[in-house]
């Protein structure tokens, strides 16, 4: 027995399949009636649910209609309750594992469950962390797979091992529980460790956007416990003005409410970290919890050596109300792309009363037509660190909401001028909505793929290149933003060879879409794109019809920047399968790009992963 069988849970909306001819019905385990999909007229038909142990049955539906779109989109958010007990050898269904693939492990985290056994559903961002591991054995040329839930405090409380059942008790920032306690439910900050995963200093950590990470045993995926990365990181008051600060007074009033009543940690560790390849350092950033509700932002940057010893620590306070998910660094700077937010008074009242998710207290602030970038000195006591007033942001002449950073680097010119370039994904303030991320409707508890596929140039996530030119005194001379290689299709999860992190890179990879499917033209992604930033060329590899991809990860094996392999998880909705795909970066754009495709057993299909 290789997997611990726990009954499957249907997704938010059970995928509507048109009933096949009677000759096929004998191969199906059960026939049940399910709700209709979102905003799509569907006949009142039964939904056919294949048994996990049987071979998948190809749905009898059109490839590009609204019913297929609903089925495909919801497949990406199908709860998986099973955990592996021991590693499972994956079957190669196409190609072969290359002989020179480096031994090691690819870890991917993301939500695993969205619906409990008592009628409650949660937003994908509130789903309990489900860690997947693909271990590559170079000697035997095989890949073994394991998957387990991260045993956070919330997961232990909400999952009953004796009854093998779930009951959600924590609201989470993005969800409202069905029939749960509304007024007085202070279980809001639900650390689900579902956002990113890090291996550093021989520690495997699963991270979340609001608290300390959880340490995992790398071989068994068993949870060791919380790993405290934010000890002794209280912000010191370095402001020369020691007068009364009205926002500091407000912060002191908020702290006992947030820390005491709502049990929020004082610091909010961002789930996105950076690894500086030139100095072999891990870089992290945290924010004050109360700053989510105040027009100011405190940032604590910490740098660790390979033994997890703190070697640098800097504190910065900005007069902007910001929401930061990802950030960048160069040899001499930390870079904060300021996504402006503001307090929603009516939404705050609804959230406190339990009538809407807690995130309703915030909304985007599109009051300015520009986007501020804070260039913060990594080494403020050096001459370079004292050249400019970092409290004055550089304004990008375009309104962008930054999502993810692929890379950033700086080039020092002959006369001391500094050129900084940032490669990232961004969307518009008009599209980004805290209440509708992934198309989740907390009132109907359903997912609507149309929200992720709206029309409008630059509304959805897309790739941008931001260039900043500073003079020898680090005063901004020029700042502009443009699409990367004029690629205007929806795209996200930009990535580079990690050996070039913080250095000038020639290549950039990303998940994107070719937009060939009318019902799902922008998301989910179905293509991996490779940009040659020097020769201005673009090459793509597409997964195929009704196959979607997640974040690409580069596994280096040589000195050349594109010498290695790309790993990407593929979600083949037409076959109801998840696969691990190995691509040759040098061959993207040719028929030889696909090196191998390995299939995860059907009963272990998993939802869309976030970061690996």
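In case you wondered, yes, glycine gets a Cβ from its N, Cα and C as well.
Remember, it's a predicted structure, so these values are computed and weren't measured experimentally.
Annotation comment: TrEMBL describes 325, 404, 611 as Fe cation binding site.
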Count of other CB atoms lying within 10 Å of the CB belonging to residue 325 (Fe cation binding site): 16
Listed in sequence order, residues with CB under 8 A of residue 404 (Fe cation binding site) and six or more positions away: 272, 325, 326, 424, 425, 492, 493, 494
8 Å Cβ shell about 325, 404, 611 centroid, Fe cation site members excluded: 195, 196, 271, 272, 326, 403, 405, 493, 610
Proximal but sequence-remote residues of the same chain as residue 611 (Fe cation binding site) (Cβ under 8 Å, at least 6 apart): 108, 109, 110, 195, 196, 197, 271, 272, 493, 551
